[in-house]
Ligand SMILES: Cc1cc2nc3c(=O)[nH]c(=O)nc-3n(C[C@H](O)[C@H](O)[C@H](O)COP(=O)(O)OP(=O)(O)OC[C@H]3O[C@@H](n4cnc5c(N)ncnc54)[C@H](O)[C@@H]3O)c2cc1C
């Protein structure tokens with residue numbers, strides 16, 4: 001039988017949207033920029049602002065944003081895949097988590113913002129300003145409904161007072177999404193505000209000293225009668241929690257996608273190591289227990305990636321299962337990352353326990369069990385979503 005290759009018909013050829021620029025290769029860009037700077041940034045415990053600027057200059061933040069709002073007209077999946085590329089090529093989990101915090105803010109503004117947000121806040125976030133999302137307070141992060149930060153309306157807009165803790169990017173961020181109560185609204189009072197962190201009344205505390213993720217500075221924010229314009233509310237006053245659940249769902253799915261991408265080159269390296277290291281007369285990769293650890297890492301990668309993509313796809317389609325799927329992706333992504341980081345260490349024996357890249361991976365991975373909501377909180381959300389989806 002002879003197969004003839006037919007030229008594509010016009011219906012086979014999908015035209016590029018007119019304003020869409022070809023996306024940069026973020027894997028290679030991160031290998032060139034983020035990776036060589038990661039160790040220095042880690043020792044100095046700082047966000048790598050040079051790489052941050054480079055990512056913005058190459059259009060990272062424009063990827064999921066509609067052209068009418070200054071973006072490239074892609075979907076959130078385009079942005080998610082680019083972030084996975086940065087995790088893979090840059091090999092700096094802290095830097096990638098700082099990017100995730102910013103990504104959630106950008107999406108929040110696009111999906112829930114008004115023309116005012118799109119005109120006055122979004123452009124700077126697309127061009128290299130740093131964003132943060134501030135929910136947690138000293139008295140607790142899991143139960144966000146207990147927050148104490150308050151906003152009151154006055155003639156010119158809002159006055160915000162309170163304090164936030166453990167906020168990714170807070171020591172360096174320019175803008176933040178801040179969760180606060182508006183007591184005059186009554187029982188349903190939790191509201192999201194977009195805040196310029198260079199405003200009078202905003203103070204930052206010292207960066208926190210963490211076990212890992214040292215390239216992702218976290219810290220407190222103090223808000224002393226910070227005056228905000230009336231337009232600063234994101235979503236409707238009193239609807240902060242429901243808007244928030246949509247916003248954090250994207251971040252949660254990104255944790256899963258990034259965990260998988262971060263592990264890929266590490267798995268390649270450790271496979272090579274087990275082929276070269278010998279014990280009992282053969283390379284250690286010949287031993288079944290070693291093979292088990294290697295395949296467990298591969299399974300964690302496959303599971304995390306597939307679940308994260310399912311979560312993001314559900315979010316893009318506004319599927320009612322989106323929040324549940326994103327929590328599943330976060331839960332299995334971060335737990336799989338920690339288990340895999342342990343496997344990477346065990347496979348190298350004593351060398352894996354010596355302070356270096358492998359111990360840093362493990363320390364960094366542990367932070368993902370807490371940031372973005374603990375595994376217990378993901379399970380709680382999964383059950384809540386199961387029950388509410390049944391009622392629909
Ligand atoms: C690296 C890092 C970055 C972070 N970045 C940010 C950020 O950008 N913005 C932000 O707002 N916050 C951020 N956080 C804070 C994080 O969201 C909170 O630490 C997290 O939500 C847990 O809150 P908590 O530490 O107050 O623990 P708690 O809420 O006090 O919980 C303590 C323990 O009790 C468990 N628990 C609580 N309630 C229940 C329950 N009902 N059922 C079962 N178990 C329960 C928890 O799972 C946890 O194991 C960050 C944290 C880390 C580590």
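Each Cβ is built from the backbone N, Cα and C atoms, and glycine gets one as well.
Feature annotations, reproduced from TrEMBL:
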COMPBIAS  1-12  compositional bias 'Polar residues'
REGION    1-25  region 'Disordered'
COMPBIAS  13-25  compositional bias 'Basic and acidic residues'
DOMAIN    27-128  domain 'Acyl-CoA dehydrogenase/oxidase N-terminal'
DOMAIN    132-226  domain 'Acyl-CoA oxidase/dehydrogenase middle'
DOMAIN    238-386  domain 'Acyl-CoA dehydrogenase/oxidase C-terminal'
Secondary structure tally of the domain 'Acyl-CoA oxidase/dehydrogenase middle' (132-226) (DSSP, helix then strand then coil): 6 helix, 48 strand, 41 coil
Secondary structure content of the domain 'Acyl-CoA dehydrogenase/oxidase N-terminal' (27-128), with strand meaning DSSP E or B: 79 helix, 0 strand, 23 coil
